[in-house]
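S.K.: Below you will find the structure I want to go over with you.
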Amino acid sequence: MSQFHFAVYLFALAGLAALLLYVVVSDLRTRRIPNGTVLAIAALAIPYWWARGIDGAGVLEQAAVLAGAGLVFGLIWQAGHWRGRRYLGGGDLKLYLALALWLPARPYLEMLVWMSLAGFVLSLVILILRRRSGQAGPARVPYGVAIAGGVFAVFGELIVKHFPA
């Protein structure tokens, strides 16, 4: 990887990190993930893959990851609406799909595992805080926080592996 490609690669990763931090703050404050932020995350995948030197097979793999994620999360989202419940917010769904542009299949699945663990811990914390304060009714979990945690865990590992000791 040339120095220019490496600079673009780092710029894209730094942009992703900054945008995900914004997602966390926004989701904590308003329980919303702005569409413009998700669009920027998706758009930053282009220079990221260009810097990494993606080939035709890589493009096909990313398309397959995006299609699979769209099918699975789209069905989960639709199932919630059929039942009159919100299992998954629209912003969360769009964020999952934007992130499918960043990660090949295996790291994407690893991100989902880390995200699930972070979401479980986050849900427990919210449940405990709501019980202590005497709040009743269903809690709205800012799942963008868990999604960002999953991405940071996977990219942190990929970055560490990129630089040999």
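Cβ from N, Cα, C; glycine included.
Annotation source TrEMBL lists transmembrane segment at 6-25, 32-51, 111-129, 141-160. Taken from TrEMBL, the feature domain 'Prepilin type IV endopeptidase peptidase' applies to 16-123.
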S.K.: Taking residues 6+ outside the transmembrane segment (6-25), which of them lie with a CB under 8 Å of any CB in it?
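M.R.: The answer is 33-34, 37, 40-41, 44-45, 47-48, 50-52, 95, 102, 142, 144-145, 147-148, 151-152, 155, 159.
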S.K.: Could you pull out which residues elsewhere in the chain have a CB under 8 Å from any CB of the transmembrane segment (32-51), counting only those six or more residues past its ends?
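M.R.: Residues 1, 5-6, 8-9, 11-13, 15-16, 19-20, 22-23, 26, 58-59, 62, 89, 91-92, 94-95, 97-99, 101-102, 144 contact the transmembrane segment (32-51) from elsewhere in the chain.
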S.K.: Residue counts in helix (H, G, I), strand (E, B) and coil for the domain 'Prepilin type IV endopeptidase peptidase' (16-123), per DSSP?
M.R.: 90 helix, 0 strand, 18 coil
S.K.: Within the domain 'Prepilin type IV endopeptidase peptidase' (16-123), what mean pLDDT does the predicted structure show?
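M.R.: Mean model confidence (pLDDT) across the domain 'Prepilin type IV endopeptidase peptidase' (16-123) is 87.
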